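Q: Sending over a structure as structure tokens; questions will come in a sec.
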Amino acid sequence: MENDDAPLISPTDFNPAREEDAPLDEPETIFYSSSESEEENDESDSNSTTQPLLNDDPLSPISSLRNRRVSSTTLRLRQLRQKKNSRLGVLCLAMAVLIASSKDAVFKRIFTKSSHFNACNVLCGSNLIGLLTLPLLFKKDLTFAKVKQIKKRHWGIMFFATSLYSVLGPMFYLIGLQTSSVVDAAILSRLESLEFLLFATCFIPNSTLDLWATTNAFIILCGVVASIVTKPFFNSSSGYIDVDKGAVYIIAGGGCFVGSLLLTKRFLSDIPVGILGMFRVSMGTAVYHTQAVIRSDENNRGYLNVELWENLWWFALVYVTLFQAVWLFALQNAKSVHISVGTTGIFLLSLMWAYFIVPGTSLTGSQIISCAVIAFGVVSGIARGIYQAKKEKKKAARMKMKDNLVRDSEVGTRGVI
């Protein structure tokens, strides 16, 4: 995306006063009279003949300046449109961050009131609603021509990555969330970013990890470890390495998400987003409904329960369909610094949602220490994102100035008629 602060008119454009006198739709052809004087021209206009002095030659200086004036107007309109989309992108990013940060707290709140709102039933219904609504969002990508372009090797990788992202990952995570607190889930979920940074540096080409990012990752790791090893200081019945079953499921689910993201980043970056998204919800719908039929216990039989669907229909629309729509628009139009700050701040927002939505939520001593350490790493990550954005902005400004100097030297002096 181009810099919003870039000047709308380049240094080599016409003077605005002259630009008003010469509309863009006039042909760049200048005529002279064949008569020898103005008096003869006035007396015999009918006998005078006109011949072009300069034709609209694309290689002439006048034509070159006209083309640059037209391109400047086009650039101005494009930048105005990009500014509008950028504002909408920030708004969509804010909505996506709020939706993503509140999902765990909302699920926990409904689960405590309805036993039918469990992991299997929620994943069954959410994927089904996504399968029915997401084609409207991805209709441009859902063509036979684009499907035929995908190679068999990519279909195999996409199947394995989707098994991790849409089947095992969310199932493990929601099962763990049923028995763990939202605060513990938020803390343990920070391991995902650390795992992705580590494995991306090792397996994805051109993925570098600077000192600042490494320091932030180490701080967050210390915060996660602190939530485990400091429990005995506040609860005598806990051991130094006391990890409950729910925490194990959450960590396993996070590992599945990271594995899927690595495969997608490494091998599936050229796959259209619509095809990848629909493949995920289609596979999730098929697998979860098959699992619901096989595991036909009392809770899973409640899949067609009215009490379940009173909450499931809007839960799926908000956290599947609406989230995908605003998130994809934000990725395409919001600035990188805004995306970095927004996604990094999800941890802090998830704690706030848990405090206000889930009844009885309170931080234990070990959680306070852990959240304080992780919050420091999060703030440091936000500062790093802002610094990197300013650095890239200065670099882009230098490159643009260099490009302007090169174009000025090519055009040379202005033509004077």
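One-based numbering along the chain as shown.
Here the Cβ of each residue, glycine as well, is placed from N, Cα and C on the backbone.
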Q: With TrEMBL as the source, which of 115-134, 135-154 is set down as transmembrane segment?
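A: Of the candidate stretches, TrEMBL labels 115-134 as transmembrane segment.
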Q: Quick one: sort out which of 271-292, 337-358 is the transmembrane segment according to TrEMBL.
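A: Within the set 271-292, 337-358, TrEMBL attaches transmembrane segment to 337-358.
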Q: Let me check one thing: do the transmembrane segment (312-330) and the transmembrane segment (364-387) come into contact, meaning three or more Cβ pairs under 8 Å with sequence separation of at least 6?
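A: Output no: the transmembrane segment (312-330) is apart from the transmembrane segment (364-387).
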Q: Might you confirm whether the transmembrane segment (337-358) is in contact with the transmembrane segment (86-103), defined here as three or more C-beta pairs under 8 A between residues 6 or more apart in sequence?
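A: They are in contact.
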Q: Top stretch among 115-134, 155-175, 211-234, 337-358 for CB pairs under 8 A with the transmembrane segment (364-387)?
A: 211-234
Q: What stretch, picked from 115-134, 246-264, 337-358, has the most CB pairs under 8 A with the transmembrane segment (155-175)?
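A: Between the stretches 115-134, 246-264, 337-358, 246-264 has the largest tally.
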Q: Six or more residues out from either end of the transmembrane segment (115-134), which same-chain residues have a Cβ under 8 Å from its Cβ atoms?
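A: For the transmembrane segment (115-134), the list is 107, 166, 170-171, 174-175, 177-178, 277-278, 281-282, 284-285, 288-289, 291-292, 295, 299-300, 302-303, 305, 307-309, 311-313, 315-317, 319-321, 324.
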